[in-house]
Amino acid sequence: MTIHQFLLLFLFWVCLPHFCSPEIMFRRTPVPQQRILSSRVPRSDGKILHRQKRGWMWNQFFLLEEYTGSDYQYVGKLHSDQDKGDGSLKYILSGDGAGTLFIIDEKTGDIHATRRIDREEKAFYTLRAQAINRRTLRPVEPESEFVIKIHDINDNEPTFPEEIYTASVPEMSVVGTSVVQVTATDADDPSYGNSARVIYSILQGQPYFSVEPETGIIRTALPNMNRENREQYQVVIQAKDMGGQMGGLSGTTTVNITLTDVNDNPPRFPQNTIHLRVLESSPVGTAIGSVKATDADTGKNAEVEYRIIDGDGTDMFDIVTEKDTQEGIITVKKPLDYESRRLYTLKVEAENTHVDPRFYYLGPFKDTTIVKISIEDVDEPPVFSRSSYLFEVHEDIEVGTIIGTVMARDPDSISSPIRFSLDRHTDLDRIFNIHSGNGSLYTSKPLDRELSQWHNLTVIAAEINNPKETTRVAVFVRILDVNDNAPQFAVFYDTFVCENARPGQLIQTISAVDKDDPLGGQKFFFSLAAVNPNFTVQDNEDNTARILTRKNGFNRHEISTYLLPVVISDNDYPIQSSTGTLTIRVCACDSQGNMQSCSAEALLLPAGLSTGALIAILLCIIILLVIVVLFAALKRQRKKEPLILSKEDIRDNIVSYNDEGGGEEDTQAFDIGTLRNPAAIEEKKLRRDIIPETLFIPRRTPTAPDNTDVRDFINERLKEHDLDPTAPPYDSLATYAYEGNDSIAESLSSLESGTTEGDQNYDYLREWGPRFNKLAEMYGGGESDKDS
């Protein structure tokens, strides 16, 4: 609540006691007061009982809202006509806000409000009152209902549902055109005074707009407001209660008004004359430039349609309106030729597509401009006299025959000689060739229609002065047919004749094919090369013929196969013919003529044995052979003697060492089994680098028993070899034929050694890493022992 509202409320309460008294404020309603009524009821003993109706005595209560006093606000008083004033009655209040918002004095019946009440939250309260006897606690009056009405004060200002409104109105509108209506609401009681009567006024936005005081309708106040000059307006509207009088509360809102566009501006070209250039080689449909007329309007009101209305280039050029950019795109309509014409003039018009009749007086809504188009010369490629060529030639022409000529010219003002060539990608077999000077196309190989009926060639014409300028043209060569192929059998015929055949029996129907394609279609004739006593040919005159028997019965044991030469000829010029040989087998047939066996096949198959049975027999024979081979292979395997007798025996086991050396191709593996079987030792080969003085026969030791321990056996053999005089010396110089880098370590051999063991220093062994520590300790320890 504002300070202004609070002062008004305070003045109202100060003046209130002078104008009204409690009796006036809490005046009894027009409802008649309940009176005490009596009625007589006869008793059974003849006495008459009197029953009295008692009634409440109270006023209808009114309470002023927004009370700001420090004490409880007095509402009114409840009183019963049974109350004698001795305090014997007790008043009880129930209903809306009883005990919280409203309290009652139990003895006097006075009702008070405990806090400030807002009528806008609740306009009236319904309560119930009851009076009981304090001693008996029985009601002396029936419970009755009453209403406390809240009197309104002007404590609410008018409010708008929206803080900011958005509205629009067409530009160029007449005065008084409705824009938008704003409505404010006042929460005060409209039936009590002028607290809720709202009047509208405009605080900002004059002189362009006005508002109706009673309705809040905003209207235009100036005529012909132009959007192109100003588009946005901000209007502030005030709503004030108390009928707009002094002391009324008010609220404001903002209305943003936009002037919408109307078509009140025609299109205008920025230039009277526009110059464009285009190459004469530009293909049809090429965009050569654009024109654009400006329109101050927006949206559909600025849409423009372009057209060519006059000029000498109306047949050569066209214009298309681009909807997105509102430009007129000028395109090539027909092929251009610099040598024919070098300059064209067009008159282009731009016109609005949507015109508002209300603004015809501002028209016309169109404009024109002149477009001059200059054609620029380019070095054009040669031009053929036709877009394509078709030549027809018979397939039997001689090599080198001219089949046709192509012609081309240079369209430039300064013409250049033309050179012709064939695109070899279209003539991979090089069947054709072309004269480079005059364009004559001729054959370089024989033609064959049966291999290819059409040849699609590409001829290239290029300027001699500028070989990059080339043109291609398609040349179609159709090969015409010549009767150069003889007819042949259509398929291979497997023909048989039954032994019991009779004369005139049909055994085969034959047909023929020809690779040629005569104009009148194929027509073949069939006949025998010579008279045959066994068979004859009957021509059906439909490019087929029937093979018939001429005698009664055939014997396959005497003659199993007959060869019948048949002559097939065509009717084209020159006539072509060929002889096809028909192989006829003699077969045994049943009474129905169905073949049972023929020629050699009958001799191989026994009587009554079918082909399926023969296949089954062959499969059984193959299976038996496989079983025999497998059994023989198993029998040939011999059981080898095991070398390892127990898990502890490590003989012939693989032991892996981290040694480097030659592979299997460079080294010869030692067979430890030879320790147990000395007879398996290979003969010792003499070394080439040592010449022995005496040759000794190697000693042979007996074979060790199988149960001999390996260690004892090796020690025994080692002792024998130590005592063997034929064994080579331990220190001997061996020369190997391979190349390699020298070792940084000196030779450990005593041969060819320039120092003795005592003079050799082995300290460098310690520098070789941890793997050689043991070796360094062995040699280092020897020196220390010797010194000690």
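The backbone N, Cα and C atoms fix where each Cβ goes, glycine too.
Keep in mind that this is a model prediction, so the values were computed, not measured.
Record features, source Swiss-Prot:
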type: DOMAIN; residues: 55-160; note: domain 'Cadherin 1'
type: DOMAIN; residues: 161-269; note: domain 'Cadherin 2'
type: CARBOHYD; residues: ASN256; note: N-linked glycosylation site
type: DOMAIN; residues: 385-487; note: domain 'Cadherin 4'
type: CARBOHYD; residues: ASN438; note: N-linked glycosylation site
type: CARBOHYD; residues: ASN456; note: N-linked glycosylation site
type: DOMAIN; residues: 488-606; note: domain 'Cadherin 5'
type: CARBOHYD; residues: ASN534; note: N-linked glycosylation site
type: TOPO_DOM; residues: 635-788; note: topological domain 'Cytoplasmic'
Long-range Cβ environment of ASN534 (N-linked glycosylation site), under 8 Å and at least 6 residues apart:
THR549, ARG550, LYS551, PHE554, TYR562, LEU564
Any idea what DSSP makes of ASN438 (N-linked glycosylation site), helix, strand or coil?
coil
For ASN256 (N-linked glycosylation site) and ASN456 (N-linked glycosylation site), what Cα-Cα distance in Å is obtained after rounding to a whole number?
76
If I take the alpha carbons of ASN438 (N-linked glycosylation site) and ASN456 (N-linked glycosylation site), what is the distance between them in whole Å?
20
Compile a sequence-ordered list of residues in the same chain as ASN456 (N-linked glycosylation site), six or more apart from it, whose Cβ lies below 8 A from its Cβ; state 'none' when nothing qualifies.
THR426, ALA474, VAL475, PHE476, VAL477
Counting by DSSP secondary structure, give me helix, strand and coil numbers for the domain 'Cadherin 5' (488-606).
6 helix, 57 strand, 56 coil
Across the domain 'Cadherin 2' (161-269), what are the DSSP residue counts per state (helix, strand, coil)?
3 helix, 46 strand, 60 coil
Is it possible to get the count of other C-beta atoms within 10 angstroms of the C-beta of ASN256 (N-linked glycosylation site)?
13
